[in-house]
Amino acid sequence: MSSRHEKEKAVNVQVLLRCRPFSEDELRNNAPQVITCNDFQREVAVSQTIAGKQIDRVFTFDKVFGPSARQKDLYEQAVVPIVNEVLEGFNCTIFAYGQTGTGKTFTMEGDCRKAKIGRNGKLPSEAGVIPRAVKQIFDTLESQNAEYSVKVTFLELYNEEITDLLAPEEITKVVLEEKQKKQLPLMEDGKGGVLVRGLEEEIVTSASEIFSLLEKGSLKRRTAETLLNKQSSRSHSLFSITIHIKEATPEGEELIKCGKLNLVDLAGSENISRSGAREGRAREAGEINKSLLTLGRVITALVEHLGHIPYRDSKLTRLLRDSLGGRTKTCIIATVSPSVHCLEETLSTLDYAHRAKNIKNRPEVNQKMMKSTLIKDLYGEMDRLKAELNATRERNGVYIPKERYSQEESERKAMAERIEQMEVMLETNQKQIEDLQENMMHSSNSLLS
Ligand SMILES: Nc1ncnc2c1ncn2[C@@H]1O[C@H](COP(=O)(O)OP(=O)(O)OP(=O)(O)O)[C@@H](O)[C@H]1O
């Protein structure tokens, strides 16, 4: 009975396909088109000529957005319901997956510099999922006159190292290299999840505040890319928004509802096939994208119902474990190019995305917390931070308990006073010796004369 009930609650990961328009380069080279999208039928057809024969393959997805689909269309049809669920207290994740240059960043961010809200309160047409979600969240919260708090984190994962894109320090090569050595570690949070130790959590009060943080984070990402010779197509970025909303029960009890939205721009998917083909050499060159490979393995293990799911094998899958087979609602946006030049990668993206449709999650609304419980949790968090601070002191300097510090400090002061007294005594004694010597000189001179 309970297993049937469990099955009823299982929800498949939603998978959308977006095909971008031809780029200027592809148009100039008259690249033949091999992809045809039928948005209404939710189908994508791939035409290939193998040994003179035309072979068509058709894939069906939960939604299909062809080259003429606008940012607004994708957002309204696919993301608005997801953000509403976050506001209802669910955790939701949206991944962008696809070959480099197929529009993952365009879909997730759009052009961030142009994504600011204009004077009329509207976003520009090229704004992507992140700015639109931010706007929807604040518009809803403000229209509900709700008491709420919103906090965001923004991190980059490159070569299994986590960089905080919201950390405040100045961006110089030295600072960045120093940071590369001291990567933020992942820790179990004791509730079955993980947390990134030391990650900045920014409390924000308006959409425009988030836009400037995003801009700062993206700038930091680009600067690091140039200074450290990184390749952006090999890094993953994770932008998370956590919302707490206060509600009152009819009995007047205060409850806190919590929802979280994760927006993930993955590394270019061609990195998996390439690193897979030349795994040994790629690993040496630091080219292998362990997180992307493990993501693929986790998906395989989930859809083939293998006993062991290798979440712990990479940081990306540890961070997003709950989004893959867990209690989070998940959506994957797979991006492809229409051109023949990308055919091989396009087919691999389509196969991968199609397989991911079989992953089942069991979304559960987060339990509302009593305000007093939340405060208790926050005290717990403060204790944890204090312990971390102590640990940091221990590592970076000499840490001694306060009592011992006070005792040693008063001993040090007493000693300094004694030294001062002795210096005065020494000076007086020296003066007396000099006086005596002078007197002796006088006496012997007068005796001689
Ligand atoms: N749907 C679209 N409509 C118009 N232009 C698009 C679309 N998708 C992508 N582009 C354009 O294609 C180019 C490549 O897109 P983008 O940088 O988003 O790719 P990407 O998949 O994020 O690549 P990378 O993995 O290197 O980060 C950009 O110039 C972008 O503006």
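Note: Cβ is positioned from N, Cα and C throughout, glycine not excepted.
TrEMBL: automatically predicted annotations, no manual curation.
Pulled from TrEMBL:
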type    : residues                                     : note
BINDING : G98, Q99, T100, G101, T102, G103, K104, T105 : ATP binding site
COILED  : 375-446                                      : coiled coil
DOMAIN  : 12-359                                       : domain 'Kinesin motor'
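This view paints the features noted in TrEMBL onto the structure.
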{"residue": "G98", "record": "ATP binding site", "Cβ contacts under 8 Å, 6 or more apart": "K104, G268, S269, A334, T335, V336, T349"}
{"residue": "Q99", "record": "ATP binding site", "Cβ contacts under 8 Å, 6 or more apart": "G268, S269, E270, T335, V336, S337, C342, E345, T346, T349"}
{"residue": "T100", "record": "ATP binding site", "Cβ contacts under 8 Å, 6 or more apart": "S233, G268, E270"}
{"residue": "G101", "record": "ATP binding site", "Cβ contacts under 8 Å, 6 or more apart": "S23, G268, S337"}
{"residue": "T102", "record": "ATP binding site", "Cβ contacts under 8 Å, 6 or more apart": "R20, T335, V336, S337, C342, T349"}
{"residue": "G103", "record": "ATP binding site", "Cβ contacts under 8 Å, 6 or more apart": "R18, R20, T335"}
{"residue": "T105", "record": "ATP binding site", "Cβ contacts under 8 Å, 6 or more apart": "A96, G128, D265"}
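What surrounds the ATP site, by Cβ distance within 8 Å of the Cβ centroid and not counting G98, Q99, T100, G101, T102, G103, K104, T105, is the set R20, A96, F106, G268, T335, S337 from the same chain. According to DSSP, G98 (ATP binding site) sits within a strand segment. A Cβ distance below 6 Å to any atom of ligand 1 is met, among the binding-site residues Q99, T100, G101, T102, K104, T105, by T100, G101, T102, K104, T105. Of all Cβ atoms in the shown protein chains, 28 besides its own fall within 10 Å of the Cβ of K104 (ATP binding site). G103 (ATP binding site) falls outside any helix or strand according to DSSP and counts as coil.
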